[in-house]
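First comes the structure, then the notes that go with it.
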Amino acid sequence: MKKTILAAAAALSLAMAPGAFAQEPLKVGVAAEPYPPFSSVDSAGNWSGFDIEIGQAICEEMGRECVTTPVAWDGIIPALTSGKIDMIVGSMSITEERQKVIDFSDRYYYTPAAFVAPAPVEVDTDSADLGGLVLGVQSGTTSAAYVRKAYPDAEIKLYNTQDEVNADLAAGRIDVMLADQAAMVEYVKTPEGSQFEVKAVAPEDEAFGEGIGVGLRKEDDDLQADVNDAIAALLESGRYDEIAGQYFEFDIYGGRE
Amino acid sequence: MDFDWLPRYWPLLVEGFWRTLWLVALSGVFGFLLAIPVALAQVAGGRILAGLSRAFTTTIRGTPLLVQLYLVYYGLGSLMADIPAIRYGPLWPYLRDGFWYATFAFTISVAAYQGEIIRGGLLAVPRGEIEAARAFGMRRSRILRRIWLPRALQVSLPALSGEAILLLKSTPLAATVTVIDLFGAANVVRSETFLTYEPLLFVAAVYVLCAFVIAVAFRLIERRVPSRRGL
């Protein structure tokens, strides 16, 4: 009797999930440096945030098991291409430069970058030297690529993490910072960020790419198709808005009627 | 291998190269000038000065340079930002710049490591030479200036040359406090082109060249300093 059940179970599992049967859990790469509200980590090492939840929802939609794997941001693309992780769900903008090395899913959100500065500071975003202001930005981001191009004469400071940019803006070592609008809108609401204001939103630029997508290896075409289907399904079912509603007061997907 | 980016980023790399050289030169010179009193305090400074100097050396040599740099930049630097007289004072354009914090941290580090080497040099000078100087009626300060210190530095030169190269190789830490030195420039190239090896290999080659120049320069100095060899 026992044997028949085992045999039946084995046959069933083989029949049901030819692919999923031997599949390893997918390693979902996130930036090891927290980036609230997209990703943050508690003292026990549990990750939460919009990116994390969307990543999990995509995995559930695909019927795959996933593990959140933190990787240092400036090494996250090499980590993907070398197979240490299988996908990047880390607020990564889809850009031409990155597309030379990796593929992206369809976008899962889109926000432009915003200039943030202490309330009394005037930010002249039209002059090539930013009116002599010192600007801080996290290196390896679309914001960094944009300011290096748009403000060739400005003094630009590059940081490893957004936290350090925030700290130095508070300490007055930089006058203004440019970072993702969604993160900045939240930041100026926090106690540390309350002395700052969103001064301007950066214009649309190719440096900012086509929005934020899931980063994937070029050869993983099947996974890319699955992820795209999953994102479409999440948008369709309303699950996306359910998750986004917990974090944002505006439509983070952008461009929807 | 793809080096197409090189012309486009050349000005940035040159700027970074000069910043690296300035970091090495400033912290090397000031660190050396500080290292001499650090060494003298231990060898001839009396109990209190010797104790202070030993505590300084032990602390600095016992903590990672990156930790010191962060303490100086994020700790001391942020403290100063809280003092209005400093934050709105005339020196703020310098005091907000990571470069000077890095220079300060490296100077302190050089003072501790080189101080220890020079201390060894001071102890290695044969007592007979100092006694001979005293027999000539030289005062302590003159003995120090003419005999003891020059002889000690001469003994220390090979080790100081090694320290200078170690300093050169420590300067990339400055990139963590927003200084775009040679390594910082390579990081910009890396993050904008997504090339991993080429920018790093390029700056590695530049560092090797610089280290070579430092080594040769010290060897020239060693050769110019007259000494009796093979005693």
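Numbers here mean position along the shown chain, with the first residue as 1.
From the backbone N, Cα and C atoms, a Cβ is placed for every residue, glycine too.
Since we're looking at a predicted model, the values are computed, not measured.
Sequence annotations record features per position, and here TrEMBL assigns domain 'ABC transmembrane type-1' to B:17-218.
Non-local neighbours of the transmembrane segment (B:20-44) in the same chain are 50, 52-54, 56-57, 99, 102-103, 106-119, 121-123, 144, 149, 152, 160, 164, 167-168, 171, 174, 179, 181-183, 210; each lies 6+ residues outside the stretch with a CB under 8 Å from one of its CB atoms. Per TrEMBL, the feature transmembrane segment maps to B:20-44 (among others).
According to TrEMBL, the feature transmembrane segment maps to B:65-86 (among others). Sequence-distant neighbours of the transmembrane segment (B:65-86) (same chain, 6+ residues past either end, Cβ-Cβ under 8 Å): 92, 95-96, 98, 101-102, 104-106, 108-109, 170, 173-174, 176-177.
According to TrEMBL, the transmembrane segment annotation covers B:98-118 (among others). Tertiary proximity for the transmembrane segment (B:98-118) is limited to same-chain residues at least six positions away from its ends with a CB under 8 Å from its CB atoms, namely 19, 22-23, 26-28, 30-32, 34-36, 38-39, 42, 53, 56-57, 59-61, 65, 68-69, 72-73, 76-77, 152-153, 156, 159-160, 163, 166-167, 170-171, 173-174, 177-179.
Sequence annotations record features per position, and here TrEMBL assigns transmembrane segment to B:148-168 (among others).
Positions annotated as transmembrane segment by TrEMBL: B:200-221 (among others).
With a cut-off of 8 Å between Cβ atoms, the residues of this chain six or more beyond the transmembrane segment (B:148-168) that come close are 20, 24, 27-28, 31-32, 36, 39, 106, 109-110, 113-114, 117-118, 120-122, 124-125, 129-130, 133, 207, 210-211, 214-215, 218-219, 221-222, 225, 227.
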